[in-house]
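Features as listed in Swiss-Prot:
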type     : residues                                                       : note
BINDING  : Cys40, His65, Glu66                                            : Zn(2+) 1 binding site
ACT_SITE : Thr42                                                          : active site, charge relay system
ACT_SITE : His45                                                          : active site, charge relay system
BINDING  : Cys95, Cys98, Cys101, Cys109                                   : Zn(2+) 2 binding site
BINDING  : Ile177, Asp197, Arg202, Leu264, Gly265, Ile266, Ile288, Tyr289 : NAD(+) binding site
Amino acid sequence: MKIKALSKLKPEEGIWMNEVDKPEMGHNDLLIRIKKTAICGTDVHIYNWDEWSQKTIPVPMVVGHEYVGEVVGIGQEVRGFTIGDRVSGEGHITCGHCRNCRGGRTHLCRNTTGVGVNRDGAFAEFLVIPAFNAFKIPAGISDDLASIFDPFGNAVHTALSFDLVGEDVLITGAGPIGIMAAAVAKHVGARHVVITDVNEYRLDLARKMGVTRAVNVANEKLEDVMSELGMTEGFDVGLEMSGVPSAFNGMLASMNHGGKVALLGIPPSDMAVDWTQVIFKGLVIKGIYGREMFETWYKMASLIQSGLDLTPIITHHYKIDDFQKGFDMMRSGMSGKVILDWE
């Protein structure tokens with residue numbers, strides 16, 4: 001049986017709609033009928049066919065890894081799922097036999113493969129993944145929100161890396177993940193949450209999500225904002241979401257002594273860092289990749305159930321046949337999360 005999918009078909013700019021074979025389920029897998037998918041920044045990289053994509057992405061391949069769907073098939077070894085369960089899923093498929101997997105630190109698996117990055121992804125009518133990777137969506141959480149659990153998980157993993165209660169938090173990069181991280185920080189009790197970017201549309205989105213200050217660093221100085229807020233000692237926690245070298249070095253300069261920094265944004269490989277800031281301030285730096293399995297997923301559900309409102313971050317919806325409009329909108333930078341509806 002053939003199904004509709006969005007695939008990287010050629011080693012050049014673009015993503016195309018095509019027909020592929022319906023994926024076959026193994027003994028430990030679930031077959032999921034996709035309801036909604038969201039476009040990730042990674043999908044935009046794949047669309048643009050940048051240097052990272054050229055080195056990483058096999059062609060042809062079905063792309064996409066942010067989704068919500070319904071279980072329609074269950075492998076014979078699988079327990080704990082029933083037909084009709086609403087699920088999203090962890091996009092990092094791990095080996096299960098390396099030291100970190102066996103030690104319960106699966107997010108640090110050295111043999112990780114990515115759904116929609118190294119193997120066929122979720123931008124299709126059906127997806128097969130190991131049942132281990134599926135996460136049941138609690139009742140009361142909408143399909144829209146469930147479809148963005150993957151990037152929300154990046155935000156939660158990064159934001160909750162350090163204690164935020166009563167702390168001053170600086171977030172560099174107001175993409176959807178940075179904005180969601182800011183909302184999490186506010187929700188769990190940070191004092192001042194300041195986010196920086198040069199994209200005024202996204203800074204406005206951050207303001208709607210309740211940040212203390214959204215700062216356009218093209219025309220406002222961070223130190224002025226700090227003194228306006230009565231901050232005399234620098235930020236306690238930094239969350240770097242942009243991958244922009246000047247943003248990271250500006251963050252290091254703005255941190256308090258003993259501050260803690262989590263890095264999610266991927267910088268150029270030759271980024272220069274002012275290491276004296278790190279050494280003399282005694283900063284702690286932590287790299288973040290993906291989500292903790294599955295601690296982050298349970299935290300995400302609990303945060304939404306406890307009143308965290310992420311709905312403003314979802315700005316655009318398109319039918320799957322209008323996927324090109326969705327990608328154009330994401331590439332313009334004038335959007336939050338863009339959702340594609342498969343039903």
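Glycine too: its Cβ is placed from the backbone N, Cα and C atoms.
Remember, it's a predicted structure, so these values are computed and weren't measured experimentally.
Here the CA atom of Ile177 (NAD(+) binding site) lies 10 Å from the CA atom of Cys40 (Zn(2+) 1 binding site). Cα distances from Cys98 (Zn(2+) 2 binding site) to the recorded positions Thr42, Leu264, Ile266, Tyr289 are smallest for Tyr289. Fewest other C-beta atoms within 10 Å: among the binding-site residues Glu66, Asp197, that description fits Asp197. Between the CA atoms of Leu264 (NAD(+) binding site) and Cys101 (Zn(2+) 2 binding site) there is a gap of 21 Å.
Per the record's binding annotation for NAD(+), residues Ile177, Asp197, Arg202, Leu264, Gly265, Ile266, Ile288, Tyr289 show a top Cα-Cα distance of 23 Å. Cβ contacts within 10 Å of Leu264 (NAD(+) binding site), excluding its own Cβ and spanning all protein chains shown: 24. DSSP classifies Asp197 (NAD(+) binding site) as strand under the three-state reduction. If you measure from the Cα atom of His65 (Zn(2+) 1 binding site) to that of Cys109 (Zn(2+) 2 binding site), you get 18 Å. Cα to Cα, Cys101 (Zn(2+) 2 binding site) and Ile266 (NAD(+) binding site) are separated by 24 Å.
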